[in-house]
Amino acid sequence: MSELAALDMCQKRAIFKPMTQQEREMFKQCCGGSWKLVLRFIMAGEACCRREKSQAIAGPGHSIAVTTSGAVYTFGSNSSGQLGHGSLEEEWRPRIIRSLQGIRIIQAAAGAGRTMLVSDAGRVYAFGKDSFGEVEYAAQGSRVVTTPQLVESLKDIYIVQAAIGNFFTAVLSREGHVYTFSWGNDMKLGHQTEPNDVQPHLLAGPLENIPVVQIAAGYCYLLALACQPSGMSVYSVGCGLGGKLGHGSRTDEKYPRLIEQFQALNIQPVVVAAGAWHAAVVGKDGRVCTWGWGRYGCLGHGNEECESVPKVVESLVNVRAVHVATGDYTTFVVSDKGDVYSFGCGESSSLGHNTITEGNNRHTNVLSPELVTSLKRTNERVAQISLTNSIYWNAHTFALTDSGKLYAFGAGDKGQLGTELVAQQSERGTPERVEIDLS
């Protein structure tokens, strides 16, 4: 098998569809036994897949939509210039960022007052607050950037993914290396920096020699989906409050540490999600695991107890999951049939369980996964869910369908739903179509 043939195979696969053992051996053979070179082929294939995929991000008060052609629309709160239109005015309808003309964006990330975009050339653009930390009430980040600016410190590193957590930002390179900015004081991420540090620091520890294929950032912690010859694994680093690092304790970790429980559960992780206080994984077999702080039932185990190691969501055992999204005490799961299940905090109507048609209080917390019937009634197959992952903002949720249609519900007081609400309303409990075609 030639390297060209190997690359072609990679370009036809998604990263969350792991290689068979036969394919793995073929790749290793054509790459001279170098697993890192194999990973580069895989990452190249994932980048190619992302070029053809649309994306919607429900950020803290503002929203981002990326079309399959790489155009970017933003709307919602704009107090720090995070919409990228050269002003500080809110936008209640999706508006294209015209300064990105000629640049094809394949991935987006949103934080409080900040936006980051990754291009198909591996370049990263940032705008909004000038600090990489989430500094809601601090002095740093007082200068704002209102149009996308190239992150100069990353121009020599080919980036494929960016993730914004609270007080830090992380990026993933094509080679599978993780770099972080800020929140490094007291060696919290294996290095020491200042809150407004704009220099990338390689995440120290075992992941220096183990390639990573996906990262997820939560409240002061980071998850990394790592690719090894034996299969996929998850590492965690940062704040262990509530058991969200998954190691059986609430101890902080300065360096990435392997979450061993997946081996005991015989689960090979393929998708990771980091909520503010809890985390989730989808396994190759479609099972869903959650762990961390269980407040409001966000773990889906029928109670509000914490789990310090990953635990299978038993009520979803008959559902084959393909995607999971987590927020501030909320969780969404998408099945292989395009159905959506949600559980956790019902505040802001962000779970999608409508009051009028279902006879329930849409603000009620949901302790176990429930089918979001309001999305089922759209007669669309949902492919992706995004929800606000911030403790400072009321949440809203996006549902992106296979056909490229985007539905929104939850908090909309800043225009983040893409439509103006009726007078005196600040949220919407029923999914409604956002007038934008992402296909």
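Backbone N, Cα and C define each Cβ position, glycine as well.
Since this is a predicted model, take the numbers as computed values, not measurements.
Look at TrEMBL and you will find 54-386 tagged as domain 'RCC1-like'.
Summarising the annotation, TrEMBL assigns repeat 'RCC1' to 70-121 (among others). The residues of the repeat 'RCC1' (70-121), classed with DSSP into helix (H, G, I), strand (E, B) and coil, number 3 helix, 24 strand, 25 coil.
Annotation source TrEMBL lists repeat 'RCC1' at 122-175 (among others). Regional average pLDDT for the repeat 'RCC1' (122-175) in the model is 82.
Residues or ranges marked as repeat 'RCC1' by TrEMBL: 176-228 (among others).
Sequence annotations record features per position, and here TrEMBL assigns repeat 'RCC1' to 232-285 (among others). Helix first, then strand, then coil: DSSP counts for the repeat 'RCC1' (232-285) stand at 7 helix, 25 strand, 22 coil.
Positions annotated as repeat 'RCC1' by TrEMBL: 286-337 (among others).
The residues of the repeat 'RCC1' (338-403), classed with DSSP into helix (H, G, I), strand (E, B) and coil, number 11 helix, 23 strand, 32 coil. Under the heading repeat 'RCC1', TrEMBL lists 338-403 (among others).
Among the features that TrEMBL reports, repeat 'RCC1' is placed at 404-439 (among others). If one looks beyond the repeat 'RCC1' (404-439) by at least 6 residues along the same chain, the residues whose Cβ comes under 8 Å of a Cβ in the stretch are 54-56, 58-59, 61-63, 65-68, 73, 75-77, 90-94, 348-350, 352-355, 362, 374-375, 378, 380, 387-388, 393-398.
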With helix taken as DSSP H, G or I, strand as E or B and everything else coil, how many residues of the repeat 'RCC1' (286-337) land in each class?
6 helix, 23 strand, 23 coil
